[in-house]
């Protein structure tokens, strides 16, 4: 039978459950899926805002917005468009009912348990699609899903449930690459923002000097072509530092150190074209950005709430 079985509202930052539906069915499959709810709640900050996890005869779908995630468990043949339309209704009602300050400052699990009443009513409507009167919304949702399909979470990305490998788990050599692609960094600090702007400024200065060097080369043969290469390499290094400052990648700290080394080498080669203050500015900014990259680490694991 194609039905919605369970739903919950979870804070993305730390996986704190804010509300959940009352589940009366407690078979083995449901208990297994509750483990996956718990595991997903720890990784919400590292995952895209719309995802699906297939767990045998059941699917877990969720959407995240404004620091809150809306999760649901349904049978494997439940239509995707209905599943995400259901989650969208939960999201709109929750945002209307509770402001962000309340959700951000909540400290105990299920402090918005009264929202379960709305979850139950909405679940009953969506378990009887003939009673739905949202055909236009469903059409819009279908178009949105076609344009931006939900990310399919591989079981291996979650890891073993309670230390025991699940029966649904499969071997996947690229698991580390997938999880790192969605890893999120800690919130940017004021010094990090300043470092980003200064790195962009250095990149722009190198780019402008590079184009001037090209003009000089075209007008006379006296200009060294290697200077042009050094200017554009400096630009690329500054832009790549900005990328490392904003996004998480594998070997991020090593890449930042090598990029800083490239900036130093380019400025050493351009010694004749720049005064000491200009060289000091470019090298100092490169070192400052490298430090900010090292300081801005990936977000830590969320607390282990009993979801």
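Note that Cβ sites are derived from N, Cα and C of the backbone, with glycine treated the same way.
Taken from TrEMBL, the feature domain 'Longin' applies to 8-119.
Per TrEMBL, transmembrane segment is recorded for 188-208 (among others).
Here the transmembrane segment (228-247) has Cβ contacts under 8 Å with residues 185, 192, 195-196, 199-200, 202-204, 206-207, 209-210, 213-214, 217, 255-256, 259-260, 262-263, 266-267, 269-270, 282, 286, 289-290, 292-293, 296 of the same chain, all six or more residues outside its ends. Annotated transmembrane segment per TrEMBL: 228-247 (among others), in sequence order.
What TrEMBL records for 254-271 (among others) is transmembrane segment.
Look at TrEMBL and you will find 277-295 (among others) tagged as transmembrane segment. Same-chain neighbours of the transmembrane segment (277-295): 189, 191-192, 195-196, 198-199, 201-202, 205-206, 234, 237-238, 241-242, 244-245, 252-253, 256-257, 259-260, 263-264, 267, 270-271, counting only residues six or more beyond its ends whose CB sits under 8 Å from a CB of the stretch.
Beyond the transmembrane segment (188-208), the same-chain residues lying 6 or more positions past its ends with a Cβ under 8 Å from any Cβ of the stretch are 231-232, 234-235, 238-239, 241-242, 245-246, 266, 281-282, 285-286, 288-289, 291-292, 295-296. Across the domain 'Longin' (8-119), DSSP classifies residues as 50 helix, 30 strand, 32 coil.
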